[in-house]
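Chemist: I'd like to ask you about the structure that follows.
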Amino acid sequence: MATVIKNGTVYQNGRLIKADVLIEGKKIKAIGTDLDAEKIIDAQGMLVSPGLVDVHVHYRDPGQTYKEDIKTGSEAAARGGFTTVGAMPNVTPVPNTPELMKKMVEENKHKGVVHIFQYGPITNDETTDIIPDYAALKKAGAFALSNDGHGVQTAQTMYLAMQKAKENNLIIATHAQDDSLFNKGIVNEGVAAKKLDLPPVTELAETTQIARDLLLAQKTGVHYHICHVSTKTSVELVRLAKARGINVTCEVAPHHILLTDSDIPKDNGYFKMNPPLRNKEDQAALLVGLLDGTIDLIATDHAPHAKSEKQGGMKNAAFGITGSETAFSTLYTKFVKEEKVLSLEQLLALLSDKPAKVFGIENAGVLEPGKNADVAIFDIEHKNEIKEADFKSKGVNTPFTGQKVYGETVMTLVDGEVVYQRGTK
């Protein structure tokens, strides 16, 4: 049965247009005016967007399914308007063999309600210097490589990894962190560390590893992608590298542009994340980086934890913040609706077509005839409160609970099928 989404404002190819979207089967059939079908979805006053693309999520499955699993994580993505995600490999066991990778890919397809692309690890268990068989992992379904949560500590290991990744046309996506400089820190070296008397994290833990890796990327020619850049110096390093022709891309997480360490009101585990919230100068530089193209995309780093793991103060709390269900609404409210730092078109590009393009994900992040019918419909005119009770994720570890925001997801379709609808369980 054909479906038409009528009366909405459609984001297509960088523009907002008044149009209808006709869906037949799993594909978009047409975008235009006065389209008709047996089933009509009225999007009057709504934004009709390509399904958003999040290249950085943690689903904890297998190994830590009390925090999240593929089903709940993908349902959370759908509730946030995301229809394509990249799942990090920090699960147990790490998918470091073709057999384990094939199993992960099959589980993602079977249990997930959105399209899930699976990362393979850069090193065998994400902390050793042993490099797995990238060719075999790619053949088994790995779409990129990452040790997210861990930096690759030795330059030699990263150099070899980049060479092998280049040979196999795989992206290296890194969590840039020198553990000797991170030194068991908790919050950014700044106001919160002093106020709360917590171990500080120097920005050098991030920036020195980025500088090292950029030189290695220049030598090898690999596509080097930096996860969740968080400092002014990181942005400057990437800007310089791009000017020199190094094949580098990077992402920023919503919380690093929405919050700073000055926003941490007390010793609250919901504000503990890695990289930590930085200062206002860093935040401003991240926004400039988004606007001038130094930062290529926004990715949530959705990192759910059990409530018990975020209680008892920041020293004992786990690192991480959920993001799938709050990203679009919080970003739209602050940067488009209120502060007018970004246009709606710019925000949507950073959350849809740009991440798909950077990672070479075909059929994602665009609304065009012949492409997958992956669509998100947002209510951008009315405010709604972020409530724990509404979350699909098992993790409610976010400091944004209680905020009133515009941009709630009304409906999400994947391959033409409704996978989320506001007001339904």
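Note: Cβ is positioned from N, Cα and C throughout, glycine not excepted.
OK, Swiss-Prot features for this one:
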type: ACT_SITE; residues: D301; note: active site
type: BINDING; residues: H56, H58, D148, D301; note: Zn(2+) 1 binding site
type: BINDING; residues: H58, Y59, R60, N90, N274, H305, F319, G320; note: substrate binding site
type: BINDING; residues: D148, H175, H228; note: Zn(2+) 2 binding site
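Structural setting of the listed features?
Modeler: Close to D301 (active site) in the fold, though at least 6 residues off in sequence, lie H56, V57, H58, D148, C227, H228, A253, M273, G320, I321, G323, each with a CB less than 8 Å from its CB.
There are 25 other CB atoms within 10 A of the CB of H58 (Zn(2+) 1 binding site), with all protein chains counted. Under the DSSP three-state reduction, H58 (Zn(2+) 1 binding site) is assigned to coil, being neither helix nor strand.
N274 (substrate binding site) falls outside any helix or strand according to DSSP and counts as coil. There are 21 other Cβ atoms within 10 Å of the Cβ belonging to N274 (substrate binding site).
The local packing around H228 (Zn(2+) 2 binding site), expressed as other Cβ atoms within 10 Å of its Cβ over all shown chains, amounts to 23.
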Chemist: What is the maximum Cα to Cα distance, in Å and rounded to a whole number, among the residues H58, Y59, R60, N90, N274, H305, F319, G320 annotated as binding substrate?
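Modeler: Per the listed residues, the maximum Cα distance equals 17 Å.
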Chemist: How many whole Å apart are the CA atoms of H305 (substrate binding site) and H175 (Zn(2+) 2 binding site)?
Modeler: 19
Chemist: Of these binding-site residues, Y59, F319, which scores lowest on Cβ atoms within 10 Å?
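Modeler: Selected from the binding-site residues Y59, F319 on minimum Cβ neighbours within 10 Å: F319.
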Chemist: What are the sequence-distant neighbours of H175 (Zn(2+) 2 binding site), meaning same chain, six or more residues apart, C-beta distance under 8 angstroms?
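Modeler: Looking at Cβ-Cβ distances below 8 Å from H175 (Zn(2+) 2 binding site), excluding near sequence neighbours, one finds S146, N147, D148, G149, H150, G151, C227, H228.
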Chemist: Just counting, how many other CB atoms are there within 10 A of the CB of G320 (substrate binding site)?
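Modeler: Summing over all protein chains shown, G320 (substrate binding site) has 23 other Cβ atoms within 10 Å.
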